[in-house]
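Chemist: I'd like to ask you about the structure that follows.
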Amino acid sequence: MSLLRSLRVFLVARTGSYPAGSLLRQSPQPRHTFYAGPRLSASASSKELLMKLRRKTGYSFVNCKKALETCGGDLKQAEIWLHKEAQKEGWSKAAKLQGRKTKEGLIGLLQEGNTTVLVEVNCETDFVSRNLKFQLLVQQVALGTMMHCQTLKDQPSAYSKGFLNSSELSGLPAGPDREGSLKDQLALAIGKLGENMILKRAAWVKVPSGFYVGSYVHGAMQSPSLHKLVLGKYGALVICETSEQKTNLEDVGRRLGQHVVGMAPLSVGSLDDEPGGEAETKMLSQPYLLDPSITLGQYVQPQGVSVVDFVRFECGEGEEAAETE
């Protein structure tokens, strides 16, 4: 080692510093990493956010991760972003699937207080009608219809009944926990399930004191998350007037609903109608479904109730009629 280099090494050992201009004092340049866009870290908290978003929205892990990356880890904004993207995809799919037959689906019946609603949502296959996501769509439509009815003014002395067609139903607000309209919820469901779907129709009834609504859904199953909502393929509401509150009114109402579903009357008729002829389509003069030896009127009379109106929905009945024409 040269004398000059030996002196430099000795100086560093004694003072801990380098002489000016020495190559030994130069340190490696810092390294930098650049990212083309936001990146979700692999930390435990990020994984927890990803799982939470996945559980809340039901979208794939890939899409949830992309949403969190796009929104910088903001859970609320990521959820909004996901819904917007899903809606875009849903509208695109809806346009492609428009015109395909929707003979399957579900009827939904929901009762709250003095208000009862009956809704029909159609899809292409029975397989999709049994899917949880489709059932949640029917639930949302029933809730949206119920909210609409609750904004209407009550009639103090008479019942009120109304119908909503597909266009009117689509324009209703989606509900307290959803943004946009029912049409937006429909687009989301189409995007997720990949079938053509239609918000077919809805009926609602509001009754004052002295009236009650009997109801029945055939092939009934409970909604996955709303115990008051009943789902099935046929549904009926029967509006009755009674002067006294009896304990068996609910059972009588269910039996009347069964009759309407099974016998498909076209009108109520009167107790004076004779059986046969045109009376066969009148509810009170039809043979009682559960005991054909008597008419429905003969069953009702001793129960202390008067049948004043009814609504009957059969899933896909409009589609079937169109095919036979």
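Including glycine, each Cβ sits where the backbone N, Cα and C put it.
What Swiss-Prot shows for this protein is this:
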type	residues	note
TRANSIT	1-45	transit peptide
MOD_RES	Lys76	N6-succinyllysine
MOD_RES	Lys133	N6-succinyllysine
MOD_RES	Lys192	N6-succinyllysine
MOD_RES	Ser270	phosphoserine
MOD_RES	Thr324	phosphothreonine
Chemist: At a 10 A cut-off on CB-CB distances, which of the modified residues Lys76, Lys133, Lys192 has the highest count?
Modeler: Lys192
Chemist: Within 10 angstroms of the C-beta of the residue listed as 'phosphoserine', what count of other C-beta atoms is obtained when all protein chains are considered?
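Modeler: A 10 Å sphere around the Cβ of the residue listed as 'phosphoserine' contains 13 other Cβ atoms.
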Chemist: Three states by DSSP: which one describes Ser270 (phosphoserine)?
Modeler: coil
Chemist: Nearest to Lys133 (N6-succinyllysine) by Cα, among Lys76, Lys192, Ser270 (modified residues)?
Modeler: Lys192
Chemist: For Lys192 (N6-succinyllysine), just give me the three-state DSSP call.
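Modeler: Note: Lys192 (N6-succinyllysine) is helical by DSSP.
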Chemist: Taking DSSP three-state, what's Lys133 (N6-succinyllysine) in: helix, strand or coil?
Modeler: helix
Chemist: Could you state the whole-number distance in Å separating the C-alpha atoms of Lys192 (N6-succinyllysine) and Lys76 (N6-succinyllysine)?
Modeler: 21
Chemist: If one measures from the C-alpha of Lys76 (N6-succinyllysine) to the C-alpha of the residue listed as 'phosphoserine', what distance in angstrom results, rounded to a whole number?
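Modeler: Computed Cα spacing between Lys76 (N6-succinyllysine) and the residue listed as 'phosphoserine' is 58 Å.
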